[in-house]
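Since the structure comes first, as structure tokens, the remarks are kept for the end.
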Protein chains: 2
Amino acid sequence: MTKEKEQQQKDEQFMQKALIEAKAAFDAGEIPIGAVIVCKDRIIARAHNLTETLHDVTAHAEMQAITAAADALGGKYLPECTLYVTIEPCTMCAGAIGWAQLRRIVYGATDEKRGFHKYAPEALHPKATITAGILEQECRELMRQFFLSKR
Amino acid sequence: MTKEKEQQQKDEQFMQKALIEAKAAFDAGEIPIGAVIVCKDRIIARAHNLTETLHDVTAHAEMQAITAAADALGGKYLPECTLYVTIEPCTMCAGAIGWAQLRRIVYGATDEKRGFHKYAPEALHPKATITAGILEQECRELMRQFFLSKR
């Protein structure tokens with residue numbers, strides 16, 4: 001198996017874990033976005049969107065995952081970690097990802113309306129790499145189902 | 001007294017409260033930035049930067065103030081509130097300010113390096129108004145003293 005193929009398999013496995021988080025958000029009536037943070041092939045943080053439950057606009061999956069990962073590692077920077085998140089991060093989360101110095105971000109589906117690419121394209125660490133489109137259909141479908149159910 | 005002059009006096013009074021928070025951060029060895037959120041001329045949240053203490057890059061003064069204000073009001077949106085913060089918000093905080101729908105932001109000194117004007121100029125609510133330069137000297141001087149002491 002090529003190195004690229006192996007990485008893609010790993011990415012899909014970790015995105016599955018982020019999707020489990022997103023589904024937990026869905027079941028709780030939250031916009032279904034989930035995230036995990038991986039350090040040396042080990043998941044050190046899992047989180048899902050809790051903005052409704054906590055009445056807190058800052059309680060996005062990525063924000064909570066960053067806080068939890070820093071807590072797990074005992075330091076506030078995460079340069080050796082990868083963030084997996086089902087939907088493209090927003091401006092706020094991209095800013096936090098930049099501060100945390102995360103060097104790799106993997107997301108499922110793009111967010112045309114609120115994604116950071118549009119509003120804060122330089123928010124991430126200059127050396128950060130981005131992989132988009134991992135399990136895109138599943139990630140997007142969960143969002144579609146959620147907003148359909150809210151109509 | 002004109003309406004403008006009255007507003008300026010109020011802004012200076014509330015910024016003084018944000019400066020008290022910034023000084024508390026300074027004394028705790030934190031980058032000295034403080035914030036208060038005001039609703040109908042009443043302070044409903046006060047916070048200062050706690051990134052070192054909490055080992056958490058997301059623990060900026062503004063983020064904590066938004067969480068606390070939403071908690072105080074019992075809802076996650078803050079359209080009738082004003083945020084006072086000693087230094088121009090960063091991309092992350094501007095994103096959070098946008099999500100919270102804060103309609104007025106007052107800050108002391110600009111942040112040339114990390115301020116949202118440069119990296120995420122459209123992050124705020126489209127109807128949000130910004131007042132800059134309130135007690136600018138005091139806000140900036142506190143930062144200068146802090147970084148001088150760290151050399």
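Cβ atoms here come from the backbone N, Cα and C positions, even for glycine.
Feature annotations, courtesy of TrEMBL:
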- A:9-127: domain 'CMP/dCMP-type deaminase' (DOMAIN)
- A:HIS60, A:CYS90, A:CYS93: Zn(2+) binding site (BINDING)
- A:GLU62: active site, proton donor (ACT_SITE)
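Taking the features listed in TrEMBL, we show where each one sits on the structure.
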{"residue": "A:HIS60", "record": "Zn(2+) binding site", "Cβ within 10 Å": "28"}
{"residue": "A:GLU62", "record": "active site, proton donor", "Cβ within 10 Å": "29"}
{"residue": "A:CYS90", "record": "Zn(2+) binding site", "Cβ within 10 Å": "28"}
{"residue": "A:CYS93", "record": "Zn(2+) binding site", "Cβ within 10 Å": "32"}
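For the recorded site, A:CYS93 (Zn(2+) binding site), the DSSP three-state label reads helix. Checking the recorded positions A:GLU62, A:CYS90, A:CYS93 against chain B with a Cβ-Cβ cut-off of under 8 Å leaves A:CYS90, A:CYS93. The residues of the domain 'CMP/dCMP-type deaminase' (A:9-127), classed with DSSP into helix (H, G, I), strand (E, B) and coil, number 49 helix, 28 strand, 42 coil. Separating the Cα atoms of A:CYS90 (Zn(2+) binding site) and the residue listed as 'active site, proton donor' is a whole-number distance of 10 Å. Taking the C-alpha positions, the distance from the residue listed as 'active site, proton donor' to A:CYS93 (Zn(2+) binding site) comes to 6 Å.
Computed over the domain 'CMP/dCMP-type deaminase' (A:9-127), the whole-number mean pLDDT of the model equals 96.
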